[in-house]
Amino acid sequence: MRSAQVYRWQIPMDAGMVLRDRRLKTRDGLYVCLREGEREGWGEISPLPGFSQETWEEAQIVLLAWVNNWLAGDGELPQMPSVAFGVSCALAELADTLPQAANYRAAPLCNGDPDDLILKLADMPGEKVAKVKVGLYEAVRDGMVVNLLLEAIPDLHLRLDANRAWTPLKGQQFAKYVNPDYRHRIAFLEEPCKTRDDSRAFARETGIAIAWDESLREPDFAFVAEEGVRAVVIKPTLTGSLEKVREQVQAAHALGLTAVISSSIESSLGLTQLARIAAWLTPDTIPGLDTLDLMQAQQVRRWPGSPLPLVDADVLEQLL
């Protein structure tokens with residue numbers, strides 16, 4: 001006997017949260033809970049404004065239609081990426097095919113005063129890997145901050161993300177302020193320039209390795225080994241089903257590329273599932289999941305060690 005619930009939710013965000021030049025005041029999304037006999041599985045559907053092609057309102061229509069079909073015995077996955085991902089997670093939990101083991105290690109997202117960051121990062125146990133958003137301020141300032149962090153902490157490796165913010169000139173301005181002796185400790189810089197060709201040129205000219213992120217979701221993208229390209233950053237909410245995520249990880253690994261499972265600012269429920277996916281598909285790589293602190297609450301499932309209050313499913317708005 002099958003049954004299902006769909007919940008709609010909204011979480012207040014930190015006041016300073018800006019995405020693609022827009023302030024994100026709340027994170028909006030949906031949960032689906034599927035039950036069959038004694039088993040149940042949960043999934044999160046939370047399109048990311050400015051990044052997902054679909055809105056959560058559009059996702060809600062597709063999700064409710066899919067759930068009704070599933071209740072009637074038809075389980076074919078929808079095409080819409082956020083719905084395909086959430087539904088496939090719920091089905092995987094239902095079938096017990098999503099391993100429970102999770103990788104809760106985080107590459108902390110660094111912002112704020114560099115002196116405070118140095119103290120925080122110096123105290124990090126184990127492998128020191130952190131993420132810095134660049135491209136939000138002047139490229140010269142970004143270069144100086146990155147150089148300062150690498151100089152102060154000799155065993156630190158940084159993942160940088162420019163979200164295609166730079167022209168070739170700005171990329172050169174950034175690199176000019178990063179000591180060539182430190183550049184090998186930039187694990188990768190995600191999508192430095194507005195075009196892939198400009199990003200490739202940046203890698204060749206600076207010796208700073210790059211990673212593809214947005215490019216993975218473009219129709220002309222192909223997985224190929226390229227000089228200067230070290231990694232791909234996979235955001236499952238923007239990618240689609242678990243199977244598609246696994247195919248992309250396998251394609252990257254076959255080329256010797258690092259594959260990083262990364263957050264699209266999901267709630268704690270979605271983040272704990274991403275931590276399980278990371279442990280399963282990319283066990284040797286620290287995932288990019290340090291986004292929970294951008295929110296003011298957790299929901300349904302806790303992220304280990306988070307002090308944020310937990311909201312239970314029974315107080316969420318139930319649509320089905």
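Cβ atoms here come from the backbone N, Cα and C positions, even for glycine.
Annotation source Swiss-Prot lists active site, proton donor at Lys133, citing sequence analysis. Within the same chain, residues at least six positions away from Lys133 (active site, proton donor) with a Cβ under 8 Å of its Cβ are Leu109, Asn111, Leu160, Asp161, Asn163.
The active site, proton acceptor annotation in Swiss-Prot covers Lys235 and rests on sequence analysis. Taking Cβ-Cβ distances under 8 Å and a sequence gap of 6 or more within the same chain, the neighbours of Lys235 (active site, proton acceptor) are Leu48, Phe51, Asp213, Ser262, Ser263, Ser264.
If you look up Swiss-Prot, you'll see Asp161, Glu190, Asp213 marked as Mg(2+) binding site. In the three-state DSSP assignment, the secondary structure recorded for Asp161 (Mg(2+) binding site) is strand.
Other residues of the same chain near the Mg(2+) site, with their Cβ within 8 Å of the Cβ centroid of Asp161, Glu190, Asp213, are Arg159, Leu160, Ala162, Asn163, Leu189, Glu191, Ala211, Glu214, Val233.
Using a 10 Å radius centred on the Cβ of Glu190 (Mg(2+) binding site) and all shown protein chains, the other Cβ atoms total 27. If you draw a 10 Å sphere around the CB of Asp161 (Mg(2+) binding site), it holds 22 other CB atoms from the protein chains shown.
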